[in-house]
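Okay, so here's the structure we're looking at.
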């Protein structure tokens, strides 16, 4: 998963980014002003946007409005120092999905971020289950037919992303965009290695199909048919 | 101070004027009434005396004397009269005649007394304790006019008197009528004015009502149409609107500052909290802990600096403007600050040059500013200049005198400030360019503090900048002597 943090207080943005990377293992991009934030959000390669309200050049509310009017449906978590109910109502009505008042709890920020990403992908429960594969996104553990499977960090992230989109073709670029931050192009060859390792651990070509030139697809033998 | 009512004062004034008018009218009425009544009284006396003369008859006696025929007389019972003939013989008198008593000259306007044109004489008399107006006339009666030679001519002298109290009563009665009607008119005027004034002052009350509805949450002040239509209230409504506008601006400015300060503080707390929570997210090595704690400590120090600057700003802005200006030796303080910052400048490889030549003229003169605040000002401006200077360049400080003010110019050769951000650099928490304020550890308050200091000292500050060329901060601070003159010391 890839998160955009728009926050002008660079040290705070660093801390949030470090928490995302160390906790759920998301890729994080940080920007300091509203204009850059709005421009990056329009790329649609993020699974969540954490947006501060008081920003240079363009304030958070305007960034939100521009995103929503440009049909960018990425979940948005607002960080606000204002605690008046009216401003929260206005933000939620303007298309925000959730808000946190500063000073916030880092654990709460991570939990809300996970919930927003999950919801954004149409899953209500933190445990993703497709066929005999079960992914617990809280503990970041995977079981295959009841047996725990040990995955590396990157392998887990690839599986989690694919689990959100079973039976759909996920291009290599999409995978790269959502799993790495802005310098993902450097990882272009590495991802093939990670996918192939993951495939070995969860049951070979039957599980993850490679469609040459198009991408990868999670197959679920014995599972529900689409 | 005891409050006084315009209504009461106006009514009182009108009543005093009316009272004076009423007194004048009453006096004039008194004089006029007295004149006419006494004139009528004189005519009446004359008439009655004449009727007495008419009653003098031939006595039909051998001495051809005259007599008073009382049967034809109808004189009022209070009147007195006496008739004597030319030889002094008593012809007749009223029953209540007691003699003339004390005779007095009449003084009642003095238009006519004493001898009249045809031998009549007016005088006053005091009979039985009462004032009488008397008349003495002479007439003649011809006895036996049918006889040869036209008869005998008998001259008689008649003294007639009537009580003057009646006349005075009549005069006083009509005067009191005037007086009473004046009092009634005054009372009516007072009531009418009370009503009219309350009616006339209603726009003022409505204006006060509209003004009393203004609160910090509802600044809208719409003067009522009645007040707007009243020319006399126009200065008041305009002044109130202007005052409210300024108050509102100041209040909103203050609220914005409080909001911004809250945002900054909450962000600061969020930063410290997240740094510590991040450290506790998973077990780490000792070096990681130490590095993390150092970062958290740095975050704390930044917050501390920001709080200190906020307090400094509040202290400078809220200090009362002193009547007597503080005095500072501008140049020597500036040198002190330059010495303090020498280390920092050396680190950045920046030279600070004080243009001594230009400084000499001003050195001897004190400037009107708090010495500590002037040092803070110089420190802020110079630190900004050093931070944004290219290494190897110099910061030039020039001083000169202009119209009893000292001008300090701080010129750096640094990265400059963009045109769009320049107008906002003096605003509190100005964050036109995050790379300027955030990365250099600034809080966005430094220049706001500088401006507050200069404004307190009744001076002016301006900033000119060009991207890539440098920035020049120019400040004007009045000389102590100039301020003393201005304050009239």
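Start at 1 and count along the chain as shown; that gives each residue its number.
Cβ atoms here come from the backbone N, Cα and C positions, even for glycine.
As the structure is a computational prediction, the values presented were derived from the model and not from experiment.
If you look up TrEMBL, you'll see A:2-117 marked as domain 'Response regulatory'. On the 0 to 100 pLDDT scale, the domain 'Response regulatory' (A:2-117) averages 87 in this prediction.
Residue A:52 (4-aspartylphosphate) falls within a strand segment according to DSSP. Counting Cβ atoms from all protein chains shown, residue A:52 (4-aspartylphosphate) has 27 others lying within 10 Å of its own Cβ. Annotation comment: TrEMBL describes A:52 as 4-aspartylphosphate.
Counting residues per DSSP class in helix, strand and coil order gives 40 helix, 25 strand, 31 coil for the domain 'OmpR/PhoB-type' (A:125-220). What TrEMBL records for A:125-220 is domain 'OmpR/PhoB-type'.
The annotation DNA-binding region is assigned in TrEMBL to A:125-220.
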The correct DSSP tally for the domain 'Response regulatory' (A:2-117) reads 52 helix, 24 strand, 40 coil
